[in-house]
Structures are given as structure tokens and as C-alpha cells.
Amino acid sequence: MFRTMMNGKIHRATVTEANLNYVGSITIDSAILEAVDMLPNEKVQIVNNNNGARIETYIIPGEPGSGVICLNGAAARHVQVGDVVIIMSYGMFTSEEAKTHEPKIVVLDEKNHIEMILPEEKAHTTL
């Protein structure tokens, strides 16, 4: 049996752009992607902390160090520039792999630079 587990998480990302006329996806600073082991074209879930919206799309890598978090196409309807979002990727693991899997989690500052790398996410973690 395979289990779907969180593989990477970008916490407290601030939306820098929303481009309705782009074909689709989310553009993410590639330095952030590397830190959480996310790849171009990988499916991600985005949760908007400001309005509660949850959407799925795929990744386009942005300029490293730019701090870009840009929702494109229809996804742009679910955010406004300045909204704080959580971006998560998932992987499928065997039951044995799932027991030892450790997702990569980063917390960003208000300019979308990595502020902290969390070794684990415990119950009732608040920042």
C-alpha cells in the first residue's frame, strides 16, 4: 500500500504577484524550491491564510533569490498581492518509507527569504 505524505512545505509565503492572463501555475523562487525539494511542474496545494481558499496547480521556477511567489491564470482569482499562503507538495511512499519520511519545511520572512528550516512539525507548532 502507498500512503500520500507531505513532502515539502513553504510556510508564510507572501504573494508578490497575481497574473490572471498567464497560462497557469505558480511561480516560486527557485532557491526556495531547492530548500524544500520541490521540482518544476510538480503538483502543489496552496492554502491562502487570508481567505481560506485551497487550490492545486503546478510549479514554474522563478529567479533564485527574487522572493517571487506569483499565482498565474485561474489561480490568480484566489489571491491578492500581500496574502500569506502555505504551499505544500506531496509524495507517495510505501508504509515502511512513510514511517521514517521527513518532509522539508521552511518558514519565510515577509520578503520571502528563508527565515527558518524546521526539522519537524510538532503538534501545536506556532510561530
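Heads up, the Cβ atoms here are built off N, Cα and C, so glycines get one too.
So that you can see what the record holds, here are the features copied from Swiss-Prot:
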- SER25: active site, schiff-base intermediate with substrate (ACT_SITE)
- SER25: pyruvic acid (Ser) (MOD_RES)
- THR57, GLY73, ALA74, ALA75: substrate binding site (BINDING)
- TYR58: active site, proton donor (ACT_SITE)
Residues that sit under 8 angstroms from ALA74 (substrate binding site) by C-beta distance, when 6+ apart in the chain: LEU20, GLY24
Reduced DSSP assignment, GLY73 (substrate binding site): helix
Near SER25 (active site, schiff-base intermediate with substrate), which residues of its chain come within a Cβ-Cβ distance under 8 Å, counting only those 6 or more away in sequence? THR57, TYR58, ILE59, ILE60, ASN72, GLY73, ALA75
Excluding THR57, GLY73, ALA74, ALA75, which residues of the same chain place their Cβ within 8 Å of the centroid of the Cβ atoms of the recorded substrate site? GLY24, SER25, ILE26, ILE55, LEU71, ASN72, ALA76, ARG77, HIS78
